[in-house]
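Colleague: What Swiss-Prot lists as Mg(2+) binding site is ASP78, ASP80, ASP82. Per Swiss-Prot, Zn(2+) binding site is recorded for CYS79, CYS95, CYS102, and the stated evidence type is sequence analysis.
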Amino acid sequence: MSDPLLDAADFTDDGLIPAIVQDAETDQVLMMAYMTAETLQETLDTGRMVYWSRSRQERWVKGQTSGHTQTVEEARLDCDGDTLLFRVHQEGGACHTGFRSCFHRRAADDGWTTDGEKVFDPDAVYE
């Protein structure tokens with residue numbers, strides 16, 4: 001049996017759809033990644049975020065290496081059907097650089113500034 005969200009999602013010609021990930025408790029935008037129909041279905045089936053890595057050309061379960069998992073609280077589809085929004089419970093940091101959010105850089109008059117502190121050491125996690 002197919003899922004209504006999967007049926008309504010409009011994937012690109014290369015089989016991908018962007019997924020924006022937001023903290024369900026704080027509303028902070030954590031990251032954006034891509035999904036395939038298969039990783040979307042796995043996410044819906046398991047309640048854990050599963051993505052498609054464009055650089056490695058393989059699926060990846062968020063937190064499988066780092067332990068910084070994302071548990072789905074809610075899934076949404078935008079008005080055009082071509083972008084997903086997941087509200088998640090984030091364990092640890094979402095960003096592979098060690099920050100809670102991948103959007104930790106903010107434009108300032110003199111360049112970029114960093115918001116927040118690292119919540120983990122990526123060198124210790126990704127050896």
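Note that Cβ sites are derived from N, Cα and C of the backbone, with glycine treated the same way.
Describe the structural surroundings of these features, if you would.
Modeller: Other Cβ atoms within 10 Å of the Cβ of ASP82 (Mg(2+) binding site) number 13 in total over all chains.
Sequence-distant neighbours of CYS79 (Zn(2+) binding site) (same chain, 6+ residues apart, CB-CB distance under 8 A): none. In this structure, CYS79 (Zn(2+) binding site) belongs to neither helix nor strand by DSSP; it is coil.
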Colleague: Do you know offhand how many angstrom separate CYS102 (Zn(2+) binding site) and ASP80 (Mg(2+) binding site) by C-alpha?
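Modeller: Here the two Cα atoms lie 25 Å apart.
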Colleague: Expressed to the nearest Å, what is the distance separating ASP78 (Mg(2+) binding site) and CYS95 (Zn(2+) binding site) at their Cα atoms?
Modeller: 24
